[in-house]
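If you check Swiss-Prot, you get these features:
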- 14, 15, 16, 17, 18, 19, 20, 21, 22, 23, 24: ATP binding site (BINDING)
- 202, 217, 220, 223: Zn(2+) binding site (BINDING)
């Protein structure tokens, strides 16, 4: 396994959602330079992209120790992905399970493209670590969120670019309650509140009502998962701490 240290710079895939915002904080706690990367692929919940700047600004102003580490932000137009996708993430259709057993919110190739583009940007920027919020503990079954997929992709990227990049997925084995707990461990109640209020998870892009767990419709799979995780976190239902 390729080893990294705090002197290495990191590029975090940052959508504006809970998981990726937690990953930004995780990286800021570890690396001297942290840049962020977002993608506009015509997602139905495009409001998440509008949250990105607010989250970055809040991290700088509320956490002085991290302010000097948070570097440039990059936004990539990946509308071609939306153009070739017929999913509930890119079309206004009912969210349901497809014939292949996967939810129709699955966008084929999304994380593969995201990480490949991220690796190319990291190569140019001299950053050795890529950080993503992929998770297969209480996820929706997306095959491109699996640990095996990320490990295989790391090998392919290093071979294809003759480089030594590391793909870090700090949430891979955490459930949503532990993800909230990790935020608390990283930045206390202030970071939990920042993530609760400033990030966006809802698949349908609803941001009119602030619930205890954050903004959202409360009915889509993403909202239900976030709500359930937040409630479990408040009850302290996880016995062990989230690993840092």
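Cβ atoms are placed via backbone N, Cα and C, with glycine included.
On the structure: features taken from Swiss-Prot.
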residue	record	Cβ within 10 Å
14	ATP binding site	30
16	ATP binding site	24
18	ATP binding site	28
20	ATP binding site	24
22	ATP binding site	25
24	ATP binding site	25
202	Zn(2+) binding site	23
217	Zn(2+) binding site	17
220	Zn(2+) binding site	20
223	Zn(2+) binding site	21
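If you take the Cα of residue 16 (ATP binding site) and the Cα of residue 223 (Zn(2+) binding site), they are about 15 angstrom apart, rounded to a whole number. Ranked by Cα separation from residue 223 (Zn(2+) binding site), the binding-site residues 14, 20, 24 are led by 20. Those same-chain residues not listed among 14, 15, 16, 17, 18, 19, 20, 21, 22, 23, 24 yet with C-beta within 8 angstroms of the centroid of the ATP site C-beta atoms are 12, 55, 133, 199. Apart from 202, 217, 220, 223, the Zn(2+) site neighbourhood in this chain, defined by C-beta within 8 angstroms of the site C-beta centre, holds 201, 203, 204, 206, 216, 218, 219, 221, 222, 224. Nearest Cα neighbour of residue 220 (Zn(2+) binding site) among the listed binding-site residues (14, 18, 20, 24): 18.
If you measure from the Cα atom of residue 24 (ATP binding site) to that of residue 217 (Zn(2+) binding site), you get 25 Å.
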